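Visitor: I am attaching a structure below and will ask some questions about it afterwards.
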Amino acid sequence: MENRFQNDTLFSEWFGQSLSDVRFPDNVTVYSQADSAVSFENVRQPIKLVRAAMGSGKTTALIHFLKQVPKELSVLLISCRKTFAAEILHRFTLNGLEDFELYCDITERQINNRKVIVQIESLHRLTENYDVLILDEIMSIIKQFYSKTMTKTKEVDCKFLSLIKNSSHVIAMDATLTRHVVEFFAAFKPDTQIALIRNTFVSAMFSNRVAYFCDTFFGKEFSFFARLEDKLRWDKKLCLFCSTVLAAEYMHDLIRSRFSLKKVLLLTSKQGKCSSIESWIRYDVVIYTSVVTVGLSFEPVYFSSLFVYIQLAKGGPDMVSIFQSIGRVRRVIDEDIYIYMNPVLIKSYDPLAPIAMPPCSDWSVAEQSIISESCIDFRGKCSGAHKYNFCSVLKCLFRYRHYIEKTTITSLSDSLFLLCSLLCENSIKVDIVGNGFPMRKEVFLSFLQILVEECHFIEKKITLPGDNMTFQEIISSRETIMNGDFYENGNQLLHKDYITDMGKFRATFLSPGVDIFIASDIVSDLKNESKRYVFVNVWLQKCVSAGVESTRIERVFNERIKSYVLPKSFLCDEYFVLGDISGVYEWGMLIDLAFLAEMIRKDLKLKSCTDTTTDISEDDLLLCAARRSSDILQIMQLVFTVHVQFFQRYSLQTLQLFNKLRGMRIVTGVFSIEKFSISILRLFFKCAFNMTLSASKPRYIPGKAYRNLTKNDLENMLDNWEISRTNLKTCKELRKALTEASRARRKQTIYKLQGSDISLSVSEVGVFGQHASPGVCVSS
């Protein structure tokens, strides 16, 4: 499973393209189907593994197979999503398979129905094994083991393996099924014959398509938006996929501003889950995000073209998810897809390393060697993830694919390469500004450079507060009255439970000096997932700093924080979970991060990991990086999926190649150990605590900002420096004299953290049982 891979085969190994070059175990028989849709005819092996592209008839073949299954046999179909499960049930019902039940329609907690469709997260509810097991979109099923919604990983993993072990027939299908899936089944059931069906047939509705990659969004005749405008002027119906909510809202507003009479539908997570797409035929333009994915397919011949806006961003959807969302529209009249990748959020000169070499024919041996070394470093760090995946066999076996998917998001060249590979494997032709794929190195690098130079930043919408009153204003106002369970002030309502919730939160998680109004502001911020993540990291680091044993921290974290609920608004009609955090789903990762953060805090002589008042000397930064660089790089990869190589790998030639693959201009000069040290610590603080490590000048008084210096402070500083302050009477005159004296002294550069110092408000004490008073009491 863990054979060494090189940069030229990394994607093909983990996304299925290399199946034709592999020697499989003796219990595996390979079937090739090239000229027709997927078929199980004359395939007698009890385990059938199918790799076939979208539109190759996988579901049709499955339905035909199930119609031939004897009535007395039990059948279980496992899906990756609830919407997919519902769509499969609908397809089954339309084709006469009416005895299947959907897991979410079964009211009993335990499921023992004979024929059932279940989402992977609910697998632990099953009490029986099944004769026939169907794993549709198996790679997406495995991917769900890394999702934060997978709360019972160990139970689901054990049940999944038990089902495979005890089923007499298994069908597993996916467009990117890999050799590792084949090897897993062959090793897990060595005495069972396995059929690997490699189907390369693709229906015309996909094989005739061409994906045009645009290098600019605005500005020229063949830019992304110019093509979109041209289509709309010809009254063509368009479907537009956007990888982020921000991009979708931006495109929605832009189209509405230019084409006010067009009917535009916007589908994002803000509008809720998308369970049906039948209404799309009522609109001129449909804009959707990854809420529309596997399981939802638009079949009517309605849309002329498909447009794809990919905003590359850490934490955004990976290229496989984007590829699956692109395929939701099954028929495109003009058979064209226009794709624009916006790298503005990943533009950086930080030493992030790519993990794959795009398949250009003219890379030099030295360039190939550089990426190969990066690939080896990447593999070495990913291998360390096994200690976090002890509760899941699936997570351990397929961790490389998970890290590849997540790491490529922050690499422009890797993202483009992987998406092009997925399109080509589905027989969709790729056109990059008039060039096919693969292409010459200079053309590929030039395309990346134009993307970066011409990319645009999307401003977030700012919602003005309007007439809304704050928590403090409502309960402090003399005009506020009690109306049932609510405090009422005009049209402003505040449920009495909100006060109780804020008092409880304050007593449990915050320092004694934090009042209930600040607690309310903090809770409002915590509605943002990234803010919750920082809050949890700060709390854990403070626990470690206080000397609390890790076993006790883990127990309290699981019992209190993971399930702690907070109101989304004053009305207390909706709640969110404090432990609903992004990125990290393993306790071991969280606690390792906390211990590393505490060691870094001590090295840098900080009060906390969000301390904004302490000056950090360059010597302390360099010493910290020298001590901790290996641990930092490991955590950066395993927790934050950011790939940075060890310093020894970064020659001038390496940096130049990496900058080219990021679309950045070549920077001359030596990449020093000082620059490397500052870069990795800057990345660490940004990822873990959303703090920015910036170069600055030393503070005149440690712990006190320049703007907060009093007249007495200024006079004492000038006296200590033996600077005459004769005729200097005002603060303005004193400040000017101090600034000029400071320049003359040519002080060394120091560093400081900038951002929100949430550590000042967070306490590790309350959650362990020491409770403060609940806070303010409001009379009715």
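Cβ coordinates are placed from backbone N, Cα and C, and glycine is handled just like the others.
Residues or ranges marked as domain 'Helicase ATP-binding' by Swiss-Prot on the basis of sequence analysis: 39-195. If you look up Swiss-Prot, you'll see Ala52, Ala53, Met54, Gly55, Ser56, Gly57, Lys58, Thr59 marked as ATP binding site.
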Visitor: Pick out which of the binding-site residues Gly55, Gly57 has the most other Cβ atoms within 10 Å of its own Cβ.
Guide: Gly55
Visitor: If we count other C-beta atoms within 10 Å, could you say which of the binding-site residues Ser56, Thr59 has the fewest?
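Guide: Across Ser56, Thr59, these binding-site residues, the one with fewest Cβ atoms within 10 Å is Thr59.
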Visitor: Let me know the DSSP-derived helix, strand or coil state of Ala52 (ATP binding site), please.
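Guide: Its secondary structure by DSSP: strand.
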Visitor: Return the count of C-beta atoms lying within 10 angstroms of the C-beta of Ala52 (ATP binding site), excluding that atom itself.
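Guide: That number is 23.
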Visitor: So what pLDDT does the domain 'Helicase ATP-binding' (39-195) average out to?
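Guide: Mean pLDDT for the domain 'Helicase ATP-binding' (39-195): 92.
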Visitor: Under 8 Å Cβ-Cβ from Lys58 (ATP binding site), six or more apart in the same chain: what's there?
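Guide: The list for Lys58 (ATP binding site) reads Val38, Val50, Ala52, Asp136, Met173, given in order along the sequence.
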Visitor: Once Ala52, Ala53, Met54, Gly55, Ser56, Gly57, Lys58, Thr59 are set aside, which residues in the chain still have Cβ within 8 Å of the Cβ centroid of the ATP site?
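Guide: Result: Ala37, Val38, Ala175, Asn199, Phe201, Val202, Ser203.
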Visitor: Within its own chain, what residues at least 6 apart in sequence put their Cβ under 8 Å from the Cβ of Met54 (ATP binding site), listed in sequence order?
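Guide: Listed in sequence order, they are Ala175, Val202, Phe206, Gly327, Asn426.
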Visitor: For Ala53 (ATP binding site), which residues in the same chain are close in space, meaning a Cβ under 8 Å from its Cβ, but six or more apart along the sequence?
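Guide: Within the chain, Ala53 (ATP binding site) has Cβ neighbours under 8 Å at Ala175, Asn199, Thr200, Phe201, Val202, Phe206, Glu425, Asn426, Ser427.
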